[in-house]
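Marked as domain 'Mur ligase central' by TrEMBL: 63-237. TrEMBL lists Ser92, Glu161, His189 with the feature Mg(2+) binding site. TrEMBL lists Arg304, Asp322 with the feature ATP binding site.
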Amino acid sequence: MASEAEGELSARYQKALDALSSLITKRSLFVNNNQSHRFHLLFHYLKVLELEEVVSELKIIHVAGTKGKGSTCTFSESILRGYGLRTGLFTSPHLIDVRERFRLNGIEISQEKFVDYFWCCFHKLKEKTSNEIPMPTYFCFLALLAFKIFATEQVDVVILEVGLGGRYDATNVIQKPVVCGVTSLGYDHMEILGHTLAEIAAEKAGIFKSGVPAFTVPQPDEAMRILDEKASKLDVKLQVVEPLDSSQRLGLQGEHQYLNASLAVALCSTFLQKIGIIEDKNDTNDGLPERVISGLSNAYLMGRAMIVPDSELPEEIVFYLDGAHSPESMEACATWFSQQVKERNQKISEQILLFNCMTVRDPSLLLPRLRTKCIDQGVEFKNAVFVPNMSVYNQVGGSWSKFEQRVDDSTTWQLGLKSIWDNIARGEAKTKSRSDSKEEEKSLVFSSLPLAVDWLRDSARRKSKQVRFQVLVTGSLHLVGDLLRLVKKRNV
């Protein structure tokens with residue numbers, strides 16, 4: 001009976017995923033349509049779902065930014081859970097399963113609850129659709145679903161990560177968060193947010209609400225000026241935090257995480273004060289309460305600075321996963337990987353890059369940053385491997401077999417990535433003397449990720465366990481999720 005019930009639940013879940021996929025619109029449609037109109041439809045959707053009042057009563061921490069949003073939200077959730085609060089965390093994107101976006105007390109929502117909440121919202125909205133008021137788009141629906149889940153589950157705090165931008169993001173339908181945060185700003189999604197840091201900062205500052213305190217990290221002058229201006233107009237007290245001391249142990253690796261962690265500490269401290277919880281009196285030498293220290297050290301976020309041994313050859317192949325996809329995050333990723341290489345070289349090792357990025361990114365900005373930063377720290381790649389993502393735009397979760405059936409045979413984009421990489425390598429070779437040059441590196445293109453992993457495994461077997469491959473997988477969170485599926489490390 002149990003297996004029959006599980007099969008029925010699995011079928012209902014897949015049906016929900018199929019319905020969710022039907023809400024996806026291509027990015028180009030989003031850009032060309034009126035963002036303001038789409039945003040204001042959210043208030044109608046809230047009314048249909050009878051969520052207007054309950055959403056206004058939720059206690060929310062709202063976080064925008066270019067990079068570090070997910071990490072900051074994860075640190076914040078971990079800290080507040082340590083204070084005994086029932087937490088709701090909404091982040092994006094997911095790597096393997098859409099339920100990763102909805103976490104209750106640090107655990108992704110169950111299939112059963114997801115299905116029940118999904119159809120409750122989907123059917124109510126479907127009944128009220130018309131030519132003037134269509135169904136919400138994919139991310140808008142997920143944001144509405146998050147509000148439904150967290151309100152019904154009666155969480156004490158919602159940590160809400162902005163999906164894209166801020167001003168017109170679906171999460172910005174909230175009217176009065178407890179506190180807001182803006183992580184590091186940089187150039188990303190410029191086709192939507194603008195081509196200057198000032199324009200991008202203005203979109204991110206759209207989450208500021210009158211009188212609601214806000215925190216940010218040190219920003220480029222152009223961006224900081226706009227954040228200050230927007231805060232001043234709304235009577236927002238905007239404070240800038242500095243990185244935590246590097247002696248503090250963090251659950252998320254990388255030097256850049258000390259800045260994200262510091263922002264999370266500021267957000268949580270303000271939140272706790274606002275709801276009347278006094279922080280621990282028993283401070284440590286660095287001034288952080290014990291429960292804050294515990295929350296920072298126990299934070300976990302899949303796909304960020306993550307180390308996963310291969311399931312078939314764990315001693316010979318180790319994957320270093322980081323979903324970096326902006327120029328700045330590429331440098332942070334390179335720094336983290338280089339440090340790991342230096343710390344973990346207990347046997348002869350070769351470093352290999354496994355890369356893909358989405359076509360909306362500019363690889364001529366990403367690949368040089370990654371390569372130069374690694375070389376500056378003494379790490380050079382033996383091979384660079386370029387593959388398509390296995391996941392396609394309308395795949396939001398589900399079985400591995402479906403993923404295998406949807407592998408894209410086109411490698412035009414990947415050949416372009418290879419060309420950029422090869423041009424960088426040739427440029428570097430001209431500046432080196434023949435005596436300085438090492439054995440020539442090789443770059444390869446495979447038509448699928450499984451073929452690339454097979455090549456890695458075959459190469460490792462030929463080395464007869466004498467060499468360990470340290471494989472950096474980066475450029476896209478989709479690629480990181482695909483790799484995790486492929487090496488069967490779902491529950492790492």
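Each residue's number is its place along the chain shown, starting with 1.
Cβ atoms are placed via backbone N, Cα and C, with glycine included.
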Model confidence over the domain 'Mur ligase central' (63-237) (mean pLDDT, whole number): 94
Cβ packing number for Ser92 (Mg(2+) binding site), 10 Å threshold: 19
Separation of alpha carbons, Asp322 (ATP binding site) and Glu161 (Mg(2+) binding site) (Å): 19
C-alpha spacing of Ser92 (Mg(2+) binding site) relative to Asp322 (ATP binding site), in angstrom: 15
Integer Cα-Cα distance in angstrom, Ser92 (Mg(2+) binding site) to Arg304 (ATP binding site): 13
Nonlocal residues around Arg304 (ATP binding site), in sequence order (Cβ under 8 Å, 6 or more apart): Gly70, Ser71, Leu252, Gly254, Leu321, Asp322, Gly323
